[in-house]
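This report concerns only the one structure given below.
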Amino acid sequence: PPMDLMRSEAMQLVQLIIPMESAHLAISHIGELGLIQFKDLNADKSPFQRAYAVQIKRCGEMERELRFFHDQMSKAGLPSSEGGSSPTITASFDDLEVKLGDLEAELIEINANGDKLQRSYNELAEYRLLLQRASEFFYSALRSAEAQQEDYEATQAARGESLEAPLLAEKEKSVDSTKQVNLGFITGLVPRDKALAFDRILFRATRGNVFLKQAAVDEPVIDPVSGVKTEKNVFVVFFSGERAKNKILKICEAFGANRYAFNEDIGKQSQMIKEVSEKLSELKITIDAGLVLRENLLRTIGEQFDQWNLLVKKEKAIYHTLNMLSIDVSKKCLVAEGWSPVFASGKIQSALHRATNDSNSQVDAIFQVLHTREMPPTYFQTNKFTSAFQEIVDAYGVAKYQEANPGVFTIVTFPFLFAVMFGDWGHGICILLATLFLIIREKKYLSQKLGDIMEMTFGGRYVILLMAIFSIYTGLIYNEFFSVPFELFAPSAYVCRDPACRDSTTVGLIKSRDTYPFGVDPAWHGTRSELPFLNSLKMKMSILLGVAQMNLGIILSYFNALFFKNSINVWFQFIPQMIFLNSLFGYLSLLIIIKWCTGSQADLYHVMIYMFLSPTDELGENQLFPGQKTTQLVLLLLALVSVPWMLLPKPFLLKRQHDRHHGESYAPLQDTDESSLQHPEANHDPHGHEEFEFSEVFVHQLIHTIEFVLGAVSNTASYLRLWAL
């Protein structure tokens, strides 16, 4: 059907009676159309009490498994799809559930084995470092002891002729062997940032009865427990006694120091280093094989991940919709109600018939239209050009059913106001070229997954296209190409006041030719007169644009009220709004235009301020036209009267209307009343069947009135950002 840009589509409330065996396929086909909004007929039931709660729970579990797969692929640096068109998933939902469960179990097992092997590898890597560095401690200690022994023997040999020497030697031999102390030791690695505290705690806990030797490891090592690269020190603690040993073990545990067995025999140390190196090589081969197996599994998952994800989301949406349907008393049919555009009736019936054939059902679904006085939802048909503009409008608010669509006007006003702020035809050409590139490659980008920023930019490509075109247009008016003026349409109308001058921006200008035909004369850029002239021009233009656009909004609301035959809103909301706005800011706009046309030097700030403070004073040199004082008094009186006009009558009229009219529920539509479909507000009770609360309506109208009065001032000031930017 032809797309109606100005009004939302005519809607109808439909009822579908679908056999149980074809319900799933019917909802699937209708969902692909996207032309019906279902009503929840089970609103009184909790999610766990609905018929398809188990299926939704299964879908949630499958979504969790898919998120797990996605996280694993992200950590492995693998894409979620291999690009190109993947084969269509033909497996059933039950088969996919089993397959995802098996894949998850397999991947968890591979990860667990890999983590276990990696921890063993990290432990052996630390152990090898400890063997290498601790063996250096013992080797250097052994060399030091041998050197001391040699010195001692040399000293004894030099004293050989002394009479005391034999006596001393005999005394040393007679020392009681039971008084000799056997020292034990503990070796391990401790994080370097804890090494100093580790040393101090050991000293205090043992009262200095330990000897600690530490050496820094050159490269950071992967901690077996945390799996994080950490700078560590190798340590050896020598102690005496079982109590000291127990204290040292507890301190090591508190500081996260990993302990390893160590043999002080130098020959066995070399053998252990060799054995540990061989085990590390074997573990490395096993870990690499596990990683290859894991990567192959993730690639297999990634090839169909997007299709699986889409299928699960679609199934979950279908079951959520089925939960909104009521089950017939015979439990053989599902009853659905929803809103759809009038033009979609044939498509919906065709989808229902196709579902009946695909499911081999013996009974066809029933489609019927219901008559109702409820307010239908709003549905606008969009295309790739208008969709972005419609989304901008919907982000602020969705129009009521059959109201004039602000999105149509936004197609012009949004890019134009952007161009008012950023008018530069050089800047606009750059944006235009970038946007044309996106539009030319449109088909390619539609089939690809884009990043968040790129996807947003591509979605608004036609908005940016119009922004670029309007920016070029206003840039030509401003005569700015990256802030540089050009004599594009004619030479400048101004020359130097002094023919001998070279720098016209400092000496001054006089007009010698016809006025520059289009836009700002290039000679105005950089002159002393530029700042006040362009500032005044752009500031007043911003006010004119703002007041014009606010009037456009009120006019649209006015015609909407006429369209729905809502006389209350026409006479007691939009007309006083128009009077209030134009009595103040419309009058200001008129003064701006008169001042431009007459060249008057009147101070508009003074005129507007004293219009309120001293409305009866004479205007003097600020008078712009005859009868201005009387006009201002009348406009001020109208502005004051329009406020209670907006506030008081509407709540009382709504109360009288509610007392006179009562809505009714819906019933099957026997004879379609086109007028009721097109104009539901003509006989629609704005408050439905709820109890009418006059106080709530009055407070709502009070808030609305205050909001409009303050908004008229703040919105006009807000449009000055056009001038500021």
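Our numbering is plain: 1 for the first residue shown, then up by one each step along the chain.
A Cβ is built for glycine as well, from the same backbone N, Cα and C atoms used for every other residue.
Bear in mind that TrEMBL entries carry predicted annotations, made automatically and left uncurated.
Here the coiled coil (93-120) has long-range neighbours at 58, 62, 65-66, 68-69, 72, 224-225, 227, 283, 286-287, 290-291, 293-294, 297-298, 301, 308, 311-312, 315, meaning same-chain residues at least 6 beyond its ends whose C-beta is under 8 angstroms from one of its own. Annotation comment: TrEMBL describes 93-120 as coiled coil.
Among the features that TrEMBL reports, region 'Disordered' is placed at 664-687.
Through the fold, the transmembrane segment (416-440) approaches residues 457-458, 461-462, 464-465, 467-478, 480-484, 541-542, 545, 721-722, 725 of its own chain, all at least 6 residues removed from its boundaries and within a Cβ separation under 8 Å. The transmembrane segment annotation in TrEMBL covers 416-440 (among others).
Non-local neighbours of the transmembrane segment (461-478) in the same chain are 384-385, 388-389, 392, 411, 414-416, 418-420, 422-429, 431-432, 434-436, 438-439, 442, 488, 518-520; each lies 6+ residues outside the stretch with a CB under 8 Å from one of its CB atoms. Residues annotated as transmembrane segment in TrEMBL: 461-478 (among others).
Annotation comment: TrEMBL describes 541-563 (among others) as transmembrane segment.
Marked as transmembrane segment by TrEMBL: 633-653 (among others).
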